[in-house]
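Annotated in TrEMBL:
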MOD_RES   207  N6-(pyridoxal phosphate)lysine
Ligand SMILES: *Cc1c(COP(=O)(O)O)cnc(C)c1O
């Protein structure tokens, strides 16, 4: 196939699977193990002298199809699937550091990533520094002799702060430090970190990749050499493998990634612009709003603004913010994101409750902030639900 655009790549296989008796949808190999024709074949497969499957913790054909698909979409050489986003994040971080090494992170990271960084520090003396990566001199100062990873999210949850991927990778390259990007919030449809020079991409496939709220999964994309190593050590021996059925569901979900993302973004953009005008709304955080400080960076490295919006309610406090959430009728109160349903959560008491109040406030996460994962419903219906809940408040 000649090079195709992402709207085509999400639907068609990179190498049409002739061996699957021309089945239009990928087959599900729901098996734990694979038998050998004879003992010698088993010996050769274990020795790596013959290609073929052995056992589904090592590899599985359906899981491999999902991995290949993600590698194509992210523009990387190879992918590796995990049982959850955290399975992927922890495997990548673990793979790049040794005792007493140092990790540099974006100012905000996913709550459980934060927890894993603390565990690395407590158990193995692997320290980390949170850094404003857009501040070039602060970033350069944070780099130490034992810094082995730059780890970041962009946009950062829930404030939507963006990081200039090209600026960070240029500094990291000079210092020969690999850059890992958690691309969960954007999906490869909106942002492709490898195109900006980053080395490794991780995803919680649970979110936009799945798109239907029915799978927990994770994936890593990187060079063939790196992925081979990650598979042999971190996945095979720690064992956070993705099931064939989950891979099959993800392959199904991915086919509609482009159309879903377009709708998520259109809805979110419309709702963000509308909320700015509402008297009860204090501040709206959305990357492509004209007065968002990093709107030009958003346009530079993202195709669209994404499906997530955070906002704060004027004159509210924690109780009033919770009351607003309870008054919503259509919008469900839930963490996670990227589902067809619009979801709302309260970062201070939910996703960021593990972060100390002082750190939270430094990140700009107040008690009156909520985060909306805008779904695929009619945008006026979503907005009307928010308005009726706001208007009930005294
Ligand atoms: C959800 C999420 C994760 C963790 O993924 P799981 O699939 O829940 O393990 C990691 N990073 C980000 C940005 C997420 O939103």
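Note: Cβ is positioned from N, Cα and C throughout, glycine not excepted.
What you are looking at is a predicted structure, and each value in this text was computed from that prediction instead of being measured.
Cβ contacts within 10 Å of residue 207 (N6-(pyridoxal phosphate)lysine), excluding its own Cβ and spanning all protein chains shown: 22. Residue 207 (N6-(pyridoxal phosphate)lysine) falls within neither a helix nor a strand when secondary structure is assigned with DSSP, and so counts as coil.
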